[in-house]
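**Q** Structure below; questions to follow.
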Ligand code: DX5
Ligand code: ZN
């Protein structure tokens, strides 16, 4: 039995009361805290940046899973590590020298994650899967919380699971976007190890109960 890693996305939290939201995460069964940085260039939205990461990093007791939706993420590796991130996810589409960037992320003491947009096929990772700790599949187009799950993502998880097995890689599969009661069990069945969930967790009446429900999904 494989336990599901749950990484709630802070993007849907109440930004006026971030201290309370982090307290909830600390007390919950969440494994990680997912943080979405957007630059208004790589994606058509702007979220938050290093001042917020630094502040949250001081009080969050869960490993920070940082998802950079920005151009030139390689310029921000040290700042991400200094904020206390445990995982740094960069977009495949934003990295010309992906291999070099992944080495630098690991050298800075973080786990190296690569994120794929919905339109990017998993086989582009064939020659680099051995150097990746986490592959994050976007199951919505990145930039916004609360969007509809793209159904094709289930097949993509299965395809990535096959690629990982074929190449003898230890990479974990993370899925981000539209993860809720109906899609979460199907993603876990398809082979997802890590579920990111924003609006489903933070807009719930009882977020800790939702985290518990996601956490109890097993494969
Ligand atoms: C979207 C972000 C997601 C987002 C997910 O670009 O990367 O992490 O917060 O939100 P939900 O779970 O509401 O789809
Ligand atoms: Zn994200």
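Cβ coordinates come from backbone N, Cα and C, glycine included.
Source: prediction; values computed, not measured.
According to TrEMBL, the feature substrate binding site maps to 9, 67, 143, 144, 145, 146, 176, 177, 178, 198, 199. Summarising the annotation, TrEMBL assigns divalent metal cation binding site to 34, 36, 67, 176. The annotation active site, proton acceptor is assigned in TrEMBL to 36. The active site, proton donor annotation in TrEMBL covers 176.
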**Q** On a simple 10 Å Cβ count over all chains shown, which one of the binding-site residues 9, 199 is most densely packed?
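**A** Per the Cβ count within 10 Å, the most buried is 9.
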**Q** Residues near the substrate site, 9, 67, 143, 144, 145, 146, 176, 177, 178, 198, 199 excluded, by Cβ within 8 Å of the Cβ center?
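**A** The surrounding set, listed in chain order, is 11, 12, 36, 140, 142, 147, 196.
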**Q** Please work out the number of neighbouring Cβ atoms within 10 Å of the Cβ of residue 178 (substrate binding site), leaving out its own Cβ.
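**A** Other Cβ atoms found within 10 Å: 25.
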**Q** Near ligand 2, meaning Cβ under 6 Å from any of its atoms: which of the binding-site residues 143, 145, 178, 199 fit that description?
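**A** Qualifying residues: none.
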**Q** Show me the subset of 9, 143, 178, 199 whose Cα is within 10 Å of residue 36 (divalent metal cation binding site); these are the binding-site residues I mean.
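**A** Matched binding-site residues: 9, 143, sequence order.
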**Q** Out of 143, 145, which of the binding-site residues is least crowded by other Cβ atoms within 10 Å?
**A** 143
**Q** What's the CA-CA gap between residue 176 (substrate binding site) and residue 34 (divalent metal cation binding site) in angstrom, rounded?
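**A** So the Cα of residue 34 (divalent metal cation binding site) lies 10 Å away from that of residue 176 (substrate binding site).
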**Q** Starting from the divalent metal cation site formed by 34, 36, 67, 176, give every other residue of that chain whose CB sits within 8 Å of the mean position of their CB atoms, in sequence order.
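**A** Everything else in range on the chain: 7, 9, 11, 35, 65, 66, 89, 136, 196, 198.
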**Q** Sequence gap of 6 or more, C-beta under 8 Å: which same-chain residues meet both conditions with respect to residue 34 (divalent metal cation binding site)?
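**A** 7, 8, 9, 10, 65, 67, 176, 196, 198 - these are the non-local Cβ neighbours of residue 34 (divalent metal cation binding site), listed in sequence order.
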**Q** Need the DSSP three-state call for residue 199 (substrate binding site) to compare against my parser.
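**A** In the DSSP reduction, residue 199 (substrate binding site) maps to helix.
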**Q** Using DSSP with the three-state reduction, classify residue 9 (substrate binding site) as helix, strand or coil.
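**A** It is in a strand.
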**Q** For residue 36 (divalent metal cation binding site), what is the secondary structure by DSSP, using just helix, strand and coil?
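**A** Looking at the DSSP assignment, residue 36 (divalent metal cation binding site) belongs to a strand.
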**Q** Is residue 67 (divalent metal cation binding site) helix, strand or coil when read with DSSP?
**A** strand
